[in-house]
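Asker: Just passing along the structure, written as structure tokens.
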């Protein structure tokens, strides 16, 4: 067999993908996903494939596992690649878009991702967009045949997307009380189908979204065909999967029954009903999903239970599909897969035959994908690739069973298998290939009929010859108690796979659906309203089934509403038949009427008659033990009644209890007392060592060390050794089934006592109800008063908080105001200090400027004095004329007298207070300018005199001139000294002014 393990591999080869390794099923390839993670070698990691989808060409398959890994299988190239890994598992997959490289993947967080494979059709997938809008996990993706629009569905809403624009167009909501199963485009037609959990189907126009009509819902299966069981009628269709024919003209749906419903979408009428044989699966054979497989031109990819629209069909291919024969692939809830041929075109008059079983009923197929030449199945997490042509062929003939194999001890298991495949209500006989019956729809339209087709296996010539050979062999006999006892004696117990079916056959359950519905619709019995509080169970489903079953039994007979030990007695049977409410209730009723029928004659006391029989058995078979029990005060209420109340569940394990009841169901009801007495006799040693009553009570309330085989063997010995006068099987009545169509009355109890207890219980319940109402009213008033007090206290606290906040606000304002005043004061002081510093800097600058000017004046005066001394020493001309000297001297004196030197002017005793520093500085500058001008004029005149003296040669003149020059020099020196004194006077005035400013 060709096997490939993709765990931990980025890519690899697929081997011989076109070779068929199993002729019966056409198996070509098995893909596994298990191995060891890096760094973890202790426990292997297994990846279960959950979603599969073929692309439009049918040559590539995309599969996703529960760990978020996506693998692309290319059958054309014979290779696989790991293309994507997400943090959330995938809930739906779909190709069918315009770009064949693109696909849609819905994740468990509610997002739908648009992804694309590489340009070459391989390589990692890149994310193009994320379509967000769902609050729950998306369960279905359906692209339009054009590839542009897509419908995504979750249980509450359906969204219509434009894939090209990556935008959401419409939001299609549903009622809150009904969940949505799927919404799908109809192939090659502008229609949308919506299916709801209440089995209602609607067709809508995809352009206008106007309702085109509702498809009729079929009547319950019991009204359609006598082949359906009562439990199937109880369940109803409960559609789980739907699919279309490639041309979009017919719709097929399957659910919790063996029936497959087919509608004609042109007339909006039901075309026919296909009823699959019980061999498809176990018990009621609920179907998980269906898919069409048609001509090689068709490419279908169905991720079930969601249905995807076909994107690769056109009008020409639709015509080819009508000329080709259609096959329906059905997956049972138990995991089996069968192929049913629908005939040419799948029309109303075409045949429907079971052609092949691809997987047995014990398989675990959960997903199915179909293409033109391949079939992909997800079985137990593995991916199985089948050749579709081989898979659709009828089954090959099987080898006949030998005479020795039919006669040996394994015939028991074969008989059980035959019973499981064909129920006892339908004997295994030669059936016609097609049994049709016409039924009228109960919806009110009496003129509309459809056909119920019972699908049976096809019989080729080779199979017919083989059947004739098998008829000559010993045929398996129908099940009966005698044969089952022989099987039980040989193997010790019934096969676990067929135990439920054998038990139902032995108990002869009538499956009274109408009577069951009448009891079931009454709701929860008042005695079991608090059952889950008294008996908490881990499984909520099991708790609900137990509560419903006990309620039905209590409504059937008021006695069982008063028996407080009934939940302990009913629990093992309800747990065993928890998947069928009808069967669990009928099994419990059968056990109560047969094995517990005489327990209630002394109600509410223990069954003294039954306990006396058990006590007689113990006294007869072990007198010493009986005497010890009597001496210790141990009665049958301690050693037998606890075992009867729980039907041995507290002292046996699950497997041992099933083995014991396999034996009990094959014998009369009185056989149970042998097991109870046998348990005490087998416990002889521990009981003889016990001395206190409490030790005996504990022993009968905990699991012991006794095995089922020992207990069964002891019961058989007791039956053979017990005399007839104390034999329970003779004292108690034989087994009597419930019968139908109504359940029998159960009145083997003191009616007046039970009625009195019922009345008292009703009275107490009514008083309790009134008490609870008054208590609730009081609690409501207390809560209201407490609420008012709390509101008042909260209001007071709020007011106090407001006042405290107001006080804090005022304090903060006052503090801020104080702070602001202090800041303003500091700012004013800083401003004053800055003003004083500025004035001091200005004064210092002025002083430096005046000192510099005074120094310049002194230097200039010194320079002038030096220059005059040099001139005086150099002047030797004596020929200066008297008139020139006089004129010069007179002119000089006049100039000084007229202009006046600032240094020789009388001072007013210091600078006036009215003059500013600036005006004083300007006056000093003006004086300096006048002084410089005077000195310049003097120098010019001295130069002119020196020139004239040079021309004069007379000694007398020079002598006279020398005297005159000496006088003139003296005058100049006096003028310079006066200017210096004037400058010093100004400096003193400036110092005085600065001192006064500083003091200010």
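We number each residue from 1, going along the chain as drawn.
Each residue, glycine too, has its Cβ placed from N, Cα and C.
A quick note: this is a predicted structure, and the numbers were derived from the prediction, not measured.
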Asker: Per TrEMBL, which of 303-361, 362-420, 421-479, 480-538 is region 'Disordered'?
Answerer: 421-479
Asker: If you look at how TrEMBL annotates this chain, which of 818-864, 865-911 comes out as region 'Disordered'?
Answerer: 865-911
Asker: Ranges 813-862, 913-962: which does TrEMBL label coiled coil?
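Answerer: The range carrying the coiled coil annotation in TrEMBL is 813-862.
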Asker: Can you check how the pLDDT averages out over the coiled coil (813-862)?
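Answerer: Value for the coiled coil (813-862), mean pLDDT as a whole number: 91.
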Asker: Please count the residues of the repeat 'WD' (241-273) that DSSP assigns to helix (H, G, I), strand (E, B) and coil.
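Answerer: The composition, in the requested order, is 0 helix, 20 strand, 13 coil.
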